[in-house]
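First the structure, in the form of C-alpha cells, and then the observations on it.
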C-alpha cells in the first residue's frame, strides 16, 4: 500500500488525507518544503493554521491563509484553513487519518514525540508522520526571520528563508507601528 492510496481505517478516517498544522506566522521556505513533500505523499493535504488567542501573532488568521495559499497555489491537492482547539480534533473533523509534522533540529524530536504520544492517547486512529526538515531550512524560525527582516533591508537575505511572495507582507507588518 502506498501512502496516497485511499485507505480508510476502522474509525472511518482516510489515510489519503493528511493535515499539516502550525502557526505559519510567517510561513517559511521550510514550511513550503514540507508542504510540497507531503502533497506528494497524500491525495489531499490540508494546511491547518492554528489560532491561539493567547499568543501574539504577527499576521492575523486571514492573512496567514492568504500567504500560505499564495505559496502553495501550484499544488492542486493542498487546501488551507484555520482551526482553534486541539489539532487532533481538527484532523478528525476533516476525516483525515494522518498528521504531518516537520522536524527541524534534533531538539524538536522530544517535543514532537511528546505531542504525538498525547495525540495518540486522545485519538489512536490518527497516525503522525514525521518529515525531516531539509538541512537548508533546519535552523529557520519565525524569531530568526523577524530579526533578519528588522536588521537588514536586503530582500535577498530574507529570500534565503521565506518565499519571495511573502517578503512584501513581512516587511509591511514589521514596519507597522503596532509590531
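Placed from the backbone N, Cα and C atoms, the Cβ positions cover glycine too.
What you see is a predicted model, and the numbers here were worked out from it, not measured in a lab.
Shown in sequence order, 23 are the residues of the chain, 6+ apart in sequence, with a C-beta less than 8 angstroms from the C-beta of residue 55 (substrate binding site). The substrate binding site annotation in Swiss-Prot covers 23, 55, 87, 101, and the record cites sequence analysis as its basis.
The ATP binding site feature in Swiss-Prot is assigned to 23, 24, 31, 102, 103, 104, 112, 137, 138, 139, 140, 141, 142, 143; the stated evidence is sequence analysis. Taking Cβ-Cβ distances under 8 Å and a sequence gap of 6 or more within the same chain, the neighbours of residue 140 (ATP binding site) are 28, 29, 30, 104, 161.
Summarising the annotation, Swiss-Prot assigns site 'Transition state stabilizer' to 31 and lists sequence analysis as the type of evidence. Over all protein chains present, the Cβ of residue 31 (ATP binding site) has 25 other Cβ atoms lying within 10 Å. Secondary structure at residue 31 (ATP binding site), as computed by DSSP, is helix.
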